[in-house]
Amino acid sequence: MAGLRSFVDRWARNRVLLVLVLMAAYSAQSLLIAASKTEGAAGGFSYDATAAVLLAELLKLLFALAMMPPESWATLSLRRSWVFAVPAVLYTAQNRLVFEALRCISPPQYQLLNNMKLFTTSLVYRVAMQRELRVLQWLALLLLGLGMTLATVPVGQLELSSQDLKLGTGMMVAVSWCSALAGVLNEWLIKRSNNIMEANVWLYGYGVLASCVQLALLDTGRGSQSGGDFQLSDMLRHFRGFDESMMPWLVVLCNAVLGQTIAYLFRYADSIIKLYAVCAAMGFTTLVSTVVFGFQLHLHASIGYLVSAISVCLYYSPPEKLLATDAEMLGSLSWGGLGKHSAAREKDVDGAKQAFTAVENVSVLPSQTPRQTTLKDRSTRNDSPAAKAARKEGAVKS
């Protein structure tokens, strides 16, 4: 187990690999959920989605317990773990609000309104993590929101006068803030923990507890409506359908991999990288759906993904490349071209600054009175080198 722990931790430090795994997991999640839908089944699935969330949390908890270093067991403190219950409750509330919102709005409208997470996460990340962003990076995030809005806007399905749409929009606002607060708080807790698995044990433990409470509340509500009492068999009823097909278990496994990847991404990267990875996963899923399932890709969606790609370049490109001229960018195609152009430009700027400073030093301000030049100064200034040498020799003889 120690070898596996070292292997996972070594590869998890590679941000590029984490982003690729996150993109693959998000894309697989969407495709698996779409493939697991059953016509005529309650809720559209042959299994309980809430039970699938519980099983995914339980699987993540078991993985965290198995990967926990032996020395970390002595540092576990239940008294200090209560703060992990906050993101767990927020995630549970978010999942519940998503189901309620989908009762009021269509899936395309949900995808469109789900883009609010981009702005709420950026704001919460800036305030909570106190990470300063350049103005150009804020513009890049705005472009990302615009691009994903264009990519997910439904065609002819928006009914702005619908009361259900207003209610669903309000729920999606709550979903976006729950997601932002839970994600950034989770990142803060993981980064300040001594070990990532120690943080995951508490987070997934409270997640399992919150999911169980949610199932119990649902069964209690149904029991009160039917006039019966709550029984354990009511809880077991939620797990029907998992023995009929492997598809529900693939969804659970994918969700577990996705959650663990996000935890590593929070440990070694940040929430902004997660936003871009999720948006890239949506574009990759659209591409796969177009090629495999014959999904029709509209022009505005293509423009939206192009704008999102420009946003990535603006956010992560070094400042010297963003400020480079076209000649410098063409020169950068050769080895060290951009560095030479940048060094030459910096040398020119430094030379201009030195010249400007020299002019300031020799200039006379209007408020100052120039020093009066005496006859002795003129004679000394106008002397030739031979006259100066003769005068110096005479002074020595005397």
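Each residue, glycine too, has its Cβ placed from N, Cα and C.
Since this is a predicted model, take the numbers as computed values, not measurements.
Of all ranges given (6-28, 167-189), TrEMBL attaches the label transmembrane segment to 167-189. Long-range neighbours of the transmembrane segment (167-189) within the same chain, counting only residues 6 or more positions beyond its ends whose Cβ lies under 8 Å from a Cβ of the stretch, are 83-84, 86-87, 90-91, 93-94, 97-98, 100-105, 109-110, 113-114, 116-117, 119-121, 123-125, 128-129, 199, 203, 263, 266, 270-271, 274. Listed by sequence, the residues of this chain that lie at least six past the ends of the transmembrane segment (201-218) yet keep a Cβ under 8 A from its Cβ atoms are 50-51, 53-54, 57-58, 60-61, 64-65, 68, 76, 81, 84-85, 87-89, 91-92, 96, 186, 189, 230, 235, 238, 259, 263. Same-chain neighbours of the transmembrane segment (273-293): 15, 19, 22-27, 30-31, 117-118, 121-122, 144, 147-148, 151-152, 183, 262, 265-266, 301, 305, 308, 311-312, 315, counting only residues six or more beyond its ends whose CB sits under 8 Å from a CB of the stretch.
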